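Inspection log for the structure reproduced underneath, given as structure tokens.
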Amino acid sequence: MTVNNETRVTEFILLGLSSNPDLQLLFFVLFLVMYLGTIAGNLLIMITIYVDSQLHTPMYFFLCNLSFIDLSFSTVTVPRSLVLFLLPRKAISFTDCMTQLFFLHFIGGAECIHLVLMAYDRYVAICNPLRYTTIMNRRVCLLLMVSTWAGGFIHAFAQSLPIIQLPFCGPNEIDHFLCDGHTLSLLACSSIFITEALDMANSGSLALSCFLVLVISYGYIISTILKMHSTEGRQKAFSTCATHLLVVTLFFGPIVFVYMRPSVTFVVDKPLAVFYSIVTPWLNPIIYTLRNEKARKAMKKLGGRTMSLLRTHAN
């Protein structure tokens, strides 16, 4: 800490998931394996969609963007955590901590909005199939993607600014493995009533409104699917929607619990943060490829092309 007229915190200590060295080593291995899986899985999806012209449709365009978001979201937290697992002193500078806080909400907010847009895409495809290509044209898809990132940026700015302006005089120990708004605001040496209110109004309203829109959208989608006469059509529609619903539940479940309440810490907060920031980005590529036959075939095709090129170069 540095001292001028008053003591100001210049760095924070992240207490992490455990102080036990053996557990820290175990967490390092688990985080590393999941992060490498996240990179490989999401890059594979993005490359496959880019290379295969049959996947150049709105649904796969949004899936490609989701893979980029998941990869970015995991990158905000995991590399720093991996380094801190190996260091005896788990310090992070004030600037780095606030930067991580901003990007955590920037990309997390973008994912919330993007999952709603993916539900809208499925709503149009299933409830209004004859006008699907007209409504979800290239221009609309690009505008929706831009709105995803713009909405995430606005959310992150509104979420981070009140916390950055708080005075931090000590203590400087964060009982978390990342710089989270709840745990940070509890360290402030002034009233956090307004910050808490803004936090709940921003993150809480974003998570809840997106979740409610998703529930309503899927209410209409399921209602339409049940009215279909074709058994094959129903099964195909249910399969596509079930995949997205599973991803939505895995992401929004922890988010709604963590951010729809005041800055009070619970024992489950850290495991839930691990789940939505590390486990979910790792699972999403597995979920989408396991339940999507078209994507699996495209990946096999890409793998075949790659092997052919390697054999050609070897000869």
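Any Cβ shown, glycine's included, is placed from N, Cα and C.
Residues or ranges marked as domain 'G-protein coupled receptors family 1 profile' by TrEMBL: 41-288. TrEMBL lists 25-47, 59-78, 98-120, 140-158, 206-226, 238-260, 272-290 with the feature transmembrane segment.
Note on the domain 'G-protein coupled receptors family 1 profile' (41-288): mean pLDDT across this stretch is 87.
Sequence-distant neighbours of the transmembrane segment (140-158) (same chain, 6+ residues past either end, Cβ-Cβ under 8 Å): 58, 61-62, 65, 69, 102-114, 117, 120, 198, 202-203, 206.
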